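J.: According to Swiss-Prot, the protein carries these features:
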{"type": "MOD_RES", "residues": "MET1", "note": "N-acetylmethionine"}
{"type": "REPEAT", "residues": "5-42", "note": "repeat 'HEAT 1'"}
{"type": "MOD_RES", "residues": "THR11", "note": "phosphothreonine"}
{"type": "REPEAT", "residues": "89-126", "note": "repeat 'HEAT 2'"}
{"type": "REPEAT", "residues": "171-208", "note": "repeat 'HEAT 3'"}
{"type": "REPEAT", "residues": "212-249", "note": "repeat 'HEAT 4'"}
{"type": "REGION", "residues": "331-371", "note": "region 'Disordered'"}
{"type": "REPEAT", "residues": "438-475", "note": "repeat 'HEAT 5'"}
{"type": "REGION", "residues": "471-519", "note": "region 'Disordered'"}
{"type": "COMPBIAS", "residues": "493-510", "note": "compositional bias 'Polar residues'"}
{"type": "MOD_RES", "residues": "THR499", "note": "phosphothreonine"}
{"type": "MOD_RES", "residues": "SER517", "note": "phosphoserine"}
{"type": "REPEAT", "residues": "560-598", "note": "repeat 'HEAT 6'"}
{"type": "MOD_RES", "residues": "SER743", "note": "phosphoserine"}
{"type": "REGION", "residues": "773-777", "note": "region 'Mediates interaction with the PDZ domain of NOS1'"}
Amino acid sequence: MNPEKDFAPLTPNIVRALNDKLYEKRKVAALEIEKLVRDFVAQNNTMQIKHVIQTLSQEFALSQHPHSRKGGLIGLAACSIALGKDSGLYLKELIEPVLTCFNDADSRLRYYACEALYNIVKVARGAVLPHFNVLFDGLSKLAADPDPNVKSGSELLDRLLKDIVTESSKFDLVSFIPLLRERIYSNNQYARQFIISWILVLVSVPDINLLDYLPEILDGLFQILGDNGKEIRKMCEVVLGEFLKEIKKNPSSVKFAEMANILVIHCQTTDDLIQLTAMCWMREFIQLAGRVMLPYSSGILTAVLPCLAYDDRKKSIKEVANVCNQSLMKLVTPEDDEPDEPKSVAQKQTEPNPEDSLPKQEGTASGGPGSCDSSFGSGINVFTSANTDRAPVTLHLDGIVQVLNCHLSDTTIGMMTRIAVLKWLYHLYIKTPRKMFRHTDSLFPILLQTLSDESDEVVLKDLEVLAEIASSPAGQTDDPGAPDGPDLRVNHSELQVPTSGRANLLNPPSTKGLEGSPSTPTMNSYFYKFMINLLQTFSSERKLLEARGPFIIRQLCLLLNAENIFHSMADILLREEDLKFASTMVHTLNTILLTSTELFQLRNQLKDLQTPESQNLFCCLYRSWCHNPVTTVSLCFLTQNYRHAYDLIQKFGDLEVTVDFLTEVDKLVQLIECPIFTYLRLQLLDVKNNPYLIKALYGLLMLLPQSSAFQLLSHRLQCVPNPELLQTEDCLKAAPKSQKGDSPSIDYTELLQHFEKVQKQHLEVRHQRSGRGDHLDRRVIL
């Protein structure tokens, strides 16, 4: 510094003392400056005051010499003290050089800068608020200062500034938010602590409504919640808790839609605390905002569904996710199935689209670990809540179905998630069937594939969805409509439904036996497609048929019309080219028909063949049952067509008797001893009126080798009474009863010819296989 330079009105002694390396001498100079400025204030000499401040700023505080800078800082503080309440007129000139020194490399100088600014702010109090942003900016940097003395000094200044903000009603929150939004993404632990402490202060001030600006800082708060420091995480939890209290207290003013995607992002993080907190917020948002959250359903489901499969280690997250899932599901109503009305330009601009997102700010969290989240929840929508309230809330089924399809296709997804997905699909088919049927062709393959799931509960839910698809009135048309969007089109072969016999299937003459369809007993166009696809699945996956076939068919009989299921499957099997599969499938269906409690009503319908409907069903079943000779006989036993059963058994002499054949005869004998054929065994008492029943049973006996089944049937037939011994005097006087005859409306001769034709086809196929050296599979499929 040039000693010859004129620093008036500062005296040479003051200048010399300000440049001294000793603090005490600089302090003496500061007292002189304070006295000098007080005189200028008394004289109202603003020009000289400005000149003193400018000199201290330019020639000292911003000097290259460190001791001069220290002198300038203490001199500026002295000016502020001397100015008192008038310091507000000169705050810009007083503050700026001090803040510049915050960046000084010398830690002692940074400390003196804190001290100087503390004195300036202490005098000015509320007058510093117009300069709050620059003060906050400087303090946020010092909060992370490595020197403990500097940090201690900045904390004193920080507390003073917080007191001023708390007691003032003139805080400019609007201009502060951009700075807060920027600084909240700091990764420094101390800077984060500083930010959180300030947010906590602002939230506590009644006159400051920080809730309006929560969408701009919420993402940053969740970032801080993942800090390694336990204390910072705890502070952040408190802040988020305070915000949530305010949201619950006044939900009408909350911009839920602007924060929805932020929560979606953080619900997918790997940090347990962040995920649980975000999920709790999501739960409250869904319950408080209601249908405002519907446009974000796809993103919410992407975040929530995987959590439902968590184990007990993440039980809390799982429970909250389950509440979110249930609450969101309840928001979907039948009104969402109404045709979409053309939107005005204003509505198009204000309606949120969850798949459109703004570029992510620096420091924003990643989308999370989920395999299906690449298209959802990757950004943050920003729009005003007022417009959102006016815009109609639309359910975006395209995105929801895509998420559900994705999760159901992922074999690594847990059982509870798969069940939740199927519950969602079922719910959507119930509430919005018209729109959902646009997606049925893309969903059908994966729903069929899910039948192979290892969990019975998953298969049950899957069958409920398939049954609803097959029975919903919305599926009556062959052309369910184009998808909502091009993204969901999946390559699949379109099924060609045979026209013959279909009319009766789609409009059944009787609805008896229907127990489970929540929509209607009438089967729609998808019912027949479902039956075709199900049989194709059984044909290609024989293990599925063996392990789950009876279970699946029995459940479908509960959910749908059992008569229609058997009628349609029999009709399809009649055209089956794989005769071995047809025989196996007929055997499976026959076992279900004869033994399942679910088919009690259908069995009763077939017992008497008194109605045209039952006769039509018998003929349809019979033609397919001909693929398996023994099942054909059992069907005749069930329907009490004993004469025709006897005629069939007579034809067995012309068939190729194999081990499999004899095994099935053995099983039929065992079945005759079961409760299902109690009526048949009782009819053996009426020998006179049931001669063909006895003949048929003797025919089976003659087919069997000397085995346990032979002994069983032989003992049963030995119990048949002598008809002459049963005659009483009244019986002899009475006119002879006519035995139960075959139904005159059924052409049994034609049925017998059909049986011979089908069995001839089976014989030819077996001979072809034998000629190729293939051995018959002797395994009996139960």
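Note that Cβ sites are derived from N, Cα and C of the backbone, with glycine treated the same way.
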J.: Where else in the chain does the repeat 'HEAT 3' (171-208) make close Cβ contacts, counting only residues six or more beyond its ends and a cut-off under 8 Å?
T.: 129-130, 132-133, 136-137, 139-141, 143-145, 151, 158, 162, 165, 216-217, 220-221, 223-224, 227-229, 231-232, 235-236, 238-239, 242-243, 246, 361-364
J.: Could you count the residues of the repeat 'HEAT 6' (560-598) that DSSP puts in helix, in strand and in coil?
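T.: So the repeat 'HEAT 6' (560-598) is made up of 31 helix, 1 strand, 7 coil.
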J.: Across the whole of the repeat 'HEAT 2' (89-126), what does the mean pLDDT come to? Round it, please.
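T.: A mean pLDDT of 95 is what the model gives the repeat 'HEAT 2' (89-126).
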J.: If one looks at the chain holding THR11 (phosphothreonine), which residues at least 6 apart in sequence have a CB under 8 angstroms from its CB?
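T.: Residues satisfying the criterion: GLU32.
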J.: With DSSP helix as H/G/I and strand as E/B, how many residues of the repeat 'HEAT 5' (438-475) fall in helix, strand and coil?
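T.: Summed by class, the stretch gives 32 helix, 0 strand, 6 coil.
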